[in-house]
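What TrEMBL says about this protein:
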| type | residues | note |
| --- | --- | --- |
| DOMAIN | 70-179 | domain 'Phosphatidic acid phosphatase type 2/haloperoxidase' |
| TRANSMEM | 71-91 | transmembrane segment |
| TRANSMEM | 111-129 | transmembrane segment |
| TRANSMEM | 135-152 | transmembrane segment |
| TRANSMEM | 164-182 | transmembrane segment |
| TRANSMEM | 194-217 | transmembrane segment |
Amino acid sequence: MTNLVKRFSSNDGNEQIGAVKQESLINGSSELRKELVAGRGIEAIVNRLSKWVVSALFGSIILLRHDGAALWAIIGSVSNSALSVVLKRILNQERPATTLRTDPGMPSSHAQSISFISVFAVLSVMEWLGTNKVSFFLSGFILALGSYFIKLRVSQKLHTSSQVVVGAIVGSVFCILWYTTWNSLLLEAFESSLLVQISVFLVAAALALSFAVYVVFNWFKDDR
């Protein structure tokens, strides 16, 4: 009799555990579906990953170049981000009403940063390969990918079309001016002066470290 009771108790316990696991699985799947629907599906995931993809592209270009222009690009990238923050405070234009974010949206900092990095990547490709079919293909692919990531900021209702267009223009123009300044004013001084080399390296390292700390801080802040 005692064994029978134990057997029934064990079966009942296993059934309860199975029911709990099944309920958790259903709830988890339901929450995932809600998140995907609320975030407009796969585009929401791609949008969240876009900054890491662009950062990986930028990091790859920097490692491949490993020269003074790469250090100058790091300084330019952080300066471009700082410019975006300043412009947002000056213009103080609201984001679309559908987003939960309350910070200003003009210009889009994502669009500005993506455009800066995309243009720098294209200029580097052209510098390495010259003007040929391969360089045109790679440049077109980079610009198309960057444009798609920028478009997602609009489709996800995080920015208006004008905010991403202004961000893309500012980032592209800033990159071209920054790149031109290096080649026309600083390249010769960098190659001939050890002091200039050390100065550029230290500034780039300090800004890169500061920006990394800022990104990590905001990442943890957003996850709270």
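FYI, residue positions are counted from 1 along the chain as it appears here.
Here the Cβ of each residue, glycine as well, is placed from N, Cα and C on the backbone.
Note that TrEMBL annotation is computational and uncurated.
It is 194-217 that, among the stretches 111-129, 135-152, 194-217, forms the most Cβ pairs under 8 Å with the transmembrane segment (71-91).
Here the domain 'Phosphatidic acid phosphatase type 2/haloperoxidase' (70-179) is broken down by DSSP into helix, strand and coil counts: 85 helix, 0 strand, 25 coil.
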